[in-house]
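Feature table excerpt (TrEMBL):
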DOMAIN    34-317  domain 'Protein kinase'
REPEAT    392-423  repeat 'HEAT'
REPEAT    751-782  repeat 'WD'
REPEAT    990-1024  repeat 'WD'
Amino acid sequence: MGQTASHALVAAADLQPPLAMGVSGLETELGETVQHIKMLGSTRFMKTILCKHPKEGQLVLHVFMRPVSMPFDITQQIQVLRSQYAKLDGTQRLLSHTQVISDDRAVYILRQHMHNNLYDRVSTRPFLSVNEKRWIACQMLMALREAHERGVCHGDIKSENIVMTSWNLIFVADLAPFKPTFLPVDDPAEFNFYFDSASRQYCCIAPERFYDPGSSIAQLLAASGVNGSYDEPRLALQPSMDIFSAGCVIAELFLDGNPLFSLSRLLQYRKGAVTAAALVADIPDKQVAALVGHMIQLDPAERLSAAEYLDQWASIFPNAPLAAYMDQASPDVRMRALYDEMDEVGDDVCEITASIACANVRNCSLPSSRCMGIKVLMRCSQGPMRGDPDLILPYLVALASDESPRVRAEAVVAIRDLLQGLQLLTPINSNIFGDYIAPHLQYFAGDTSVGVRCMVASVMGDLADTAYFLTSGHSAYEALSNQMRAIVGKLSFDEAEVKHVLLCAFPQLYERGIQSLSHIITYLNDRDCWFLRAAFFDVVFAASAQISRHASREYIVPLINLYDHEVFVVISALRALLRLVPQMSPAMLWDKLVEVQRFAKQPLKRGAHEFTEFVLAHAQLPMPAQTARLALEISRPADDSEEEVMLMMESNEAPLASAQTVQLREIGAALKTVFLTPIKDPWAPAMESHLGTKSATPEPTADKWQGVAEEGDRAIKAFLRKKALELELPQAPRRRRFEGWRPQGTLVAEISEHNDAVTCVVATGSSLFVTGSDDGSVRLFDGNVFRKSAVCRSRATYFQGGRIVSLVYHSVLDCVVCSSDNGSLSVLRPRSDELVELATRTMAQGEYAVALGFAKDDRGVSVIACTSQSRVEFMGVVDLIRQDIVELDPSLGRPTCMASDGSTLAVVATAKGWLQLLDTRFRISLKQYRHLMSHPITALAMYTTSSVLASTAAGDVSLLDLRESKWPLCVSSRSLQELKGNEVNRKLRINGMALAPHMHYVVTGSNDGMLRYWNLDQLSQSFVVNSSENVPPYSSYELDDTVYYCENANVPRSPGSAARNQIGSVRLANDVSRAQTANNSRLGGPVTSLAILGSPSVMLVVGLQSGAIRVIL
């Protein structure tokens, strides 16, 4: 504004009528009712109101009342504001106004509302650390760099105009091009009117913006008129003015809210009465003091630009994680990005990372994201924040009340780890255990989840030790001990699993006086939980070490009873006796030795070592001969020949000849039972009906081949080894198991062990199945458990790291090959209770296997790995050594999936809808196919030896004839209109596809959480497995020799009857009931993987994006 307008507005401000509290005048311009919330600030120049818009949310409204005592044209100011908005479009650190509205009464300027500003945050707990302050200063310079590069100057930078998020991400707001550039040095009225909005009497205006009477600036202003500052370049704002103001704000930040200048002090500094070095001497950070001193130099020409300051002072600014700048992302995405960068977090950004995690962890919708947030917070607590629980501990305590049991359990463990890292408590936190931790532990001990209560029990011992060392004063610890005794007493009457975990902490609790021996003696009365009794004997020695020898003999030794029906309890009791031997009298030792003697007549392989050790520990007894006799009887091994005779007599069979046979395990083949009849009971293993009438099984077929290979005949052995690899077991019994199978939609089991999306599921030839997840783990499950319980736990876990991308199983070699996006490959052999690692390999940096398969030729079985660099590698199964490479055409797109027949052919699909056929014998690329609708292909499966099924991101499953290069069939979950228009619905994206061997049906899982059963032989028998509504009708049409078969959900259905699709089939009543039954097995999110399990009955194993696994019958 010009000098004339500036003086006129100051004079006319006192004549203005008061601003009405309502903002109803904006309804016409905004088209919505704007709700007034409160006044944020009120000065004579401009009023600031917080209001709420129905669609835009909370907005900040700046109101400039037109002066009533003078004509005033502000058209040019409005044009400048709108021009600035266009220039600042796309900036990241500048919060510009979004709309300017003018009427005959006032001018309204709107922008987005941010809850915090820098002025309020400096004085709010927890106070900003040095690294956080440096990061805020860096962001201010980044914002100025963006504005100045676009030719925009702010004009009124102060701490109130620096708004910020809850994790200290700042935005520079309220640009003021309409305020005067220059102010008279002899009249503070204009400064107070325009710039002292909070009446704090502090000044961040550059000294060159003040002019003396009669100076050249005063003459220019007098000659320029009302709006002369917009026409005269010498009167415009300069970037150096913003640099000075930013330096003042940075100094205020590091001086804990104390301003660097008041108006009078700035005028003295303008005259040279005060030096910049003296002004910044109170800043504790000397490097920042040097930066501020350079930014507030009197001569504007000596100040650098914002970009130059960022470049020359880059060493003092922390390298904040990428997630800190993701202001538009969801909390889950931001937390995932933070977790991925956790290993790169240095000590200088721990506080910044912790602020981001604390601000987002409770707003994450996925439990896995909140668990990631806990891990990030614990990583941050190991840096400079170690010993300061003020920031992290309240969030961990809040997460311990989360709705997810897994999050609550991890939060309890994190609280324990955080408190263990404390070396000393500050006076303000001296009563943190009694006033804060113990009351919350009392609440956590009553959690509804057994797992969470077990976790609370497991941390009690460590918390007791930590409290003992950190609590000051005997009386304070005694009061805390009473609180912890109440918690332990509550857990002592919990379920057996909780008491078992609490026993593990008994040594620490007993030492600190929290738990006594009388608490745990009652555990011996629990006859149903043998592991509880065994654990009691393992920990009872800890109590004996704290009491006298006489007390041990009188109270502890009599508790150790060797008469138990469970051998593991007896072994634990013997171990306890061994530890207590030095405290036992000779008579007591002999009595226990007599008790042990009974085991000499019951030879058991388990515990033989413990029995012998206990007997030999009686060297001090006065009867060495009897001791030696007992030791010999106990340690004498059982006669194998006697056991063999007894077994043959019970089986009533002739002895078998001990011939030399080929050991299939030695050559990598899996042992399997063949010639089985179809299953009658869905939960019973297949067996021949006449075998139950015999007292022993028939003579194995393998016995007819005994003696074929002699020890020295290497040629025959090599031949047999090769033939064993080529062996293909009969598939008829297994094939009959899958014939006519239709999923009922009944939920059999629900598993929640993975922490992230389940990306891969493969079923083995038995009841075992293997899963892989984005959490980097591979887990083994046994389907036989579903016969007894709906709760299934993994039998084994193999942690590979990264994100598991692909899994493939070879039925003959009985091995699983898995790949991760960290470039690692592993060959695992699933056993009943373990995953045995056979081989491992790491690919080149930046490359990983996106899909896996097998091939077989004269050299044996090979692993095929399609990599992210558009290559197909052939590797040996035993050592994963690369044998050959086939280069794919990168112009066809990024490889997404692969299917192989296990012998001669492999098909690779890409994200651009191309398929490439490979000959795995000669290891060359044969042919390329284009998908009929060119959608990204998400899954592939061999349908027959000459055809392949391809699912797409649009929700289609297409059949490709490899010989004829045709697409004869396409089934789709899209409607007929969407299919004809080739419209893509991301919710219908198919992520998993499962086929039974040699069957004509396929099951698909998609982003909408639906499982669709497609019968490719009789398309009218297709249906949605878990739909809560009746089975949708289907439509079909034919185009270019391709039959399209799709859902038509828009067709109305008559009440009480099934709709008739265009093919002409009517849905059966049992299909409708099946769809209604599936309503009880709703899937909790997008399906990410699928497999069909053949034993103990045919079931669907469904992996979800949430990390859960559903098993559906």
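Here, residue 1 is simply the first one shown, and the rest follow in order.
Just so it is clear, glycine is given a Cβ too, placed from its N, Cα and C backbone atoms.
Since this is a predicted model, take the numbers as computed values, not measurements.
Locate each feature and note its surroundings.
For the domain 'Protein kinase' (34-317), the model gives a mean pLDDT of 87.
Summarised by DSSP class, the composition of the repeat 'HEAT' (392-423) is 24 helix, 0 strand, 8 coil.
Residues in the repeat 'WD' (751-782) partition by DSSP class (helix H, G, I; strand E, B; coil) as 0 helix, 19 strand, 13 coil.
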For the repeat 'WD' (751-782), give me same-chain residues lying six or more residues beyond its boundaries with a C-beta closer than 8 angstroms to one of its C-beta atoms, as numbers and ranges.
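Beyond its ends, the repeat 'WD' (751-782) has Cβ neighbours at 368, 371, 406, 670, 672, 734, 792-809, 811, 814, 816, 818, 820, 822, 826, 828, 830, 832, 834-835, 992, 1088-1096, 1101-1111.
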What is the number of residues in the repeat 'WD' (990-1024) that are helix, strand and coil, as DSSP sees it?
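Looking at the repeat 'WD' (990-1024) with DSSP, the answer is 3 helix, 19 strand, 13 coil.
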